[in-house]
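A.B. asks: Have a look at the structure that comes next, please.
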Amino acid sequence: MIKEIATTPYSDQRPGTSGLRKKVPIFQQRHYVENFVQSIFDSLTGFAGETLVVGGDGRFYNRDAIQKILKIAAANGFGRAVVGRGGVLSTPAVSALIRSLKAFGGVVLSASHNPGGPDGDFGIKYNVANGGPAPEKVTDAIYARTREITSFRIVEAPDVDIDRLGVTQLGDMRVEIVDSVENYAALMQTLFDFDRIRDAFRGGFTMKFDAMSAVTGPYAHVILEDMLGAAPGTVLNGAPLPDFGGHHPDPNLVHAKHLYDLAMSDRSPDLCAASDGDGDRNLIIGRGRFVTPSDSLAVLAANAHLAPGYRDGVAGIARSMPTSGAADRVAEKLGIGLYETPTGWKFFGNLLDAGLVTICGEESAGTGSNHVREKDGLWAVLLWLDVLAARKQSVDAILRDHWATYGRNYYSRHDYEEVDSDGANALVKSLRDSLPSLKGKRFGALEIAEADDFAYHDPVDGSDSRNQGLRVMFADGSRIVYRLSGTGTAGATLRVYIERYEADPAKQFLETQNALSDLIALSHEIAGIERFTQRKAPSVIT
Ligand code: G16
């Protein structure tokens, strides 16, 4: 039976960089989830009888939210819902399922790399028929709707058993519970040379993959250990836990430091890798060599043709604006397009759909391709594995060769987390106001060539996105970029991205923070970081 239930709007349901992310207790407020989900459906048309994919990273509140979403979807007229067993699907697996089932869209439940648990974070994101995050015009419409919603529609029925594979009926909607891994693993087999990778493992290649007690555990066990023959024990922390074991499932050098330490030790396997809460980010560290996400994008783009799924080459490369320019040099050499977009995977969707780009990446540990419309952590690991197996070289050797060919972009991101929002906003305003006067200013050997507020014009749909990050660009090609995170859930997070290009092979082996030290000092001075945030140093350096 369908019920129409009266509700009152919440004022804080504006989707950020990647859907609505808040602390769990906020989502647990009365009708908070219901309002947002009904607002999603109110912003869409033409889904009567269509298929909706639903799944999340298994974090705390995933199961409760799924029951609500299914009942609201059924009441709103969807014909079929496809749900990963236990409500578990990685973000790229949702994208893959939407595409292979030709579904109308999907709902992804995750707060990505943010901690989980009763006091942790949760999130809801809507993905459209191409498998990617809804574009801004849709998220804007959803937000507008959340501000005026007065009721939602829901089927009154017992909860669906989401742990048993098979089909059940919920009102007029069919609910299919499917294996979380199968469809995704089959897609990976079409892209990579599994025989070649299997041979490498048989020949003694070793790796550790840390699933961080998050969603990629089951995927990695099946693909790396069962299908590719990696030694049992290759996958660490492979059982997904609702609170990620109390850890921060963020595969960076702070939260995956143990992996970094292992890779730098004499016990290092050939490859250390990790993925985040919902499986879309990746960390790649070879024996003795960390690969920055920006370099990883460039190396993968330059070598993708070695994998069967990309043997015809790469049509173009896209990167988010704050991502380093390493990929630009690869695009230049290959004679293909390079697209610079705002932060947020949703901006890659149109470029991928139009066939303008094949590979995309972001400094925030995201890399992906046209196989889905999300970044994809395991995909990046598998492409690295395939390239390593094909070239029969170490990660370090491949990176050195890359820098010798293209030059090295020294790159680091400094995050000031949970700073006071008013202070952070004041910093951005003050810096934005000072942009016109920065051009031509000299700081020692560094001269500011250009300073602006990044704006993006989408070449496919013609839409414009403004205020996407403050760029200070120097005459020698160095850059400092400032922006506020759109994914934090407490206070504000100021991100400062610092980059310097080094063409001289003799100078390509400095420690990164040392290589960037003058720019780092300048990043404080130009924006008055301490004055506005009361912080002398960043909380996370990646
Ligand atoms: C999300 C987005 C990414 C973005 C990242 C960081 O990743 O999908 O496109 O780069 O957030 O965004 P911000 O700098 O605004 O915090 P994820 O892995 O959190 O879904």
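Residue positions begin at 1 at the first shown residue.
Quick reminder: no glycine exception, Cβ is built from N, Cα and C everywhere.
Marked as domain 'Alpha-D-phosphohexomutase alpha/beta/alpha' by TrEMBL: 13-150, 184-285, 294-406.
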A.B. asks: Could you tell me how many residues in the domain 'Alpha-D-phosphohexomutase alpha/beta/alpha' (294-406) are helical, how many are strand and how many are coil under DSSP?
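C.D. replies: Its residues divide into 61 helix, 18 strand, 34 coil.
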A.B. asks: Count up the helix, strand and coil residues in the domain 'Alpha-D-phosphohexomutase alpha/beta/alpha' (13-150) according to DSSP, in that order.
C.D. replies: 52 helix, 35 strand, 51 coil
A.B. asks: Which whole-number mean pLDDT does the model give the domain 'Alpha-D-phosphohexomutase alpha/beta/alpha' (184-285)?
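C.D. replies: It averages 97.
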A.B. asks: Summarise the domain 'Alpha-D-phosphohexomutase alpha/beta/alpha' (184-285) by DSSP state, stating how many residues are helix, strand and coil.
C.D. replies: 40 helix, 16 strand, 46 coil
